[in-house]
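As given in Swiss-Prot:
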type: REGION; residues: 1-87; note: region 'Domain I, interacts with DnaA modulators'
type: REGION; residues: 87-124; note: region 'Domain II'
type: REGION; residues: 99-125; note: region 'Disordered'
type: REGION; residues: 125-341; note: region 'Domain III, AAA+ region'
type: BINDING; residues: Gly169, Gly171, Lys172, Thr173; note: ATP binding site
type: REGION; residues: 342-461; note: region 'Domain IV, binds dsDNA'
Amino acid sequence: MAVSLWQQCIARLQDELSAQQFSMWIRPLQAEMEGDTLVIYAPNRFVLDWVRDKYLNIINQFFTEQMGSDAPSLRFDIGSRPSAKPVVQATAAVRTSRPVTREVTKPSFNTPHAEPMANANHRSNINPTYQFDNFVEGKSNQLGKAAALQVAENPGGAYNPLFLYGGTGLGKTHLLHAVGNGIIKNNPNAKVVYMHSERFVQDMVKALQNNAIEEFKRYYRSVDALFIDDIQFFANKDRSQEEFFHTFNALLEGNHQIILTSDKYPKEIDGVEDRLKSRFGWGLTVAIEPPELETRVAILMRKAQESGINLPDEVAFFIAKRLRSNVRELEGALNRVIANANFTGRPITIDFVREALRDLLALQEKLVTIDNIQKTVAEYYKIKMADMLSKRRSRSVARPRQMAMALSKELTNQSLPEIGDAFGGRDHTTVLHACRKIAQLREESHDIKEDYANLIRTLSS
């Protein structure tokens, strides 16, 4: 009975969670009774810890409602349920066994990455420096890293396609290469190809010019994993979209892994055919958001450590509080600080950083103000600027106001009382409540999460 109720529990979770949350955390679970205990199996430690932390109370509550004092105790484990292991292993064998490497004749469209090479990394254009171990994880990219790890462990079987989207310099490309390195580590013969979407277009043009389109098709449809960066550049390139459509279908039919990245959610990409946008969402779509303060600090500390520099904590926080848009900007700023310190021989202090980054910091202070945030949010939600300062409490006004307060805390250096004062003289506790509410809604609502990411991108661009 408990096992059948588990299926009902799954159905309830599907109703309560977003499609992405359900696909990511609940769908991979299996369950089986062992005596009076319902054992829930997760595919790996990351999923197990996440489900136990986030959803255990919901699961316990469901069984208590249905069975009262007869509700089974719950236990979590890693793996698959024992009675199902033969089936699971057989499925896994089909999905995870990598196809024997096929010799592919060098196509006459003659692109560098198409040449058969002894070195798998060179052949694949996978950068060996991008690993999961040196990817700094935070709330902004946690789901993306978790999904990428599972794809690396089970290419073609975990999430296919995996679609990562977010602004420039947030780590999407790092994750692509990390997955590629993971696949090649597990199977050195795997044919993993990474490229920018423009390269795919260029290859197709060359193939058409050289009357070699069949070789082009054979090459791209023979790879074990295809990773394409910035898929939005396919916009309005009809012939390229047509060819990629058929390549996409062929790879998926063969359980070959596809990972795509974009600066926008699939359905928001202009100039791309609906049938492609639909397919982009067949697997798992994950947003990579701008890093929060703690992650920005961790990125700076990691980068400094790699450069052999002792970066004081207060300096890392000073930089992280002022440069918020993306990882690339942070690393560039730190490189400038390090170069200046090496050149002048001066210690790295807050005053030194102010001097070394004065133009960059001045630009940031000029661009992002509370007034600018209020105007941007009001325009985004189509409310009046006066509503930001009013006492109106209707959700259509209160939610944008809370969003603007949360963004003001994230993107400016103003204190909570100063932010409250800028919103019609509100108390700092009102601002704190708004920040916590938006943080909660970003976890629960895909729409709010999207709004927040879109506004961050707009204000940071």
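Cβ atoms are placed via backbone N, Cα and C, with glycine included.
Locations of recorded Swiss-Prot features on the structure.
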{"residue": "Gly169", "record": "ATP binding site", "Cβ contacts under 8 Å, 6 or more apart": "Ser325, Asn326, Val327, Arg328, Glu329"}
{"residue": "Gly171", "record": "ATP binding site", "Cβ contacts under 8 Å, 6 or more apart": "Phe135, Asn141, Gly144, Ile288, Val327"}
{"residue": "Lys172", "record": "ATP binding site", "Cβ contacts under 8 Å, 6 or more apart": "Gly144, Leu164, Tyr165, Gly166, Asp229, Thr261, Ile288"}
{"residue": "Thr173", "record": "ATP binding site", "Cβ contacts under 8 Å, 6 or more apart": "Tyr130, Asp229, Thr261"}
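DSSP gives Gly171 (ATP binding site) a coil state; it is part of no helix or strand. Remark: secondary structure over the region 'Domain IV, binds dsDNA' (342-461) totals 93 helix, 0 strand, 27 coil, with classes taken from DSSP. Each residue in Gly166, Thr168, Leu170, His174, Leu175, Thr261, Ile288, Asn326, Val327, Arg328 lies on the same chain as Gly169, Gly171, Lys172, Thr173 and has a C-beta within 8 Å of the C-beta centroid of that ATP site, without being one of the site residues. Per DSSP, the region 'Domain I, interacts with DnaA modulators' (1-87) is made up of 54 helix, 17 strand, 16 coil. For the region 'Domain II' (87-124), the model's average pLDDT works out to 39.
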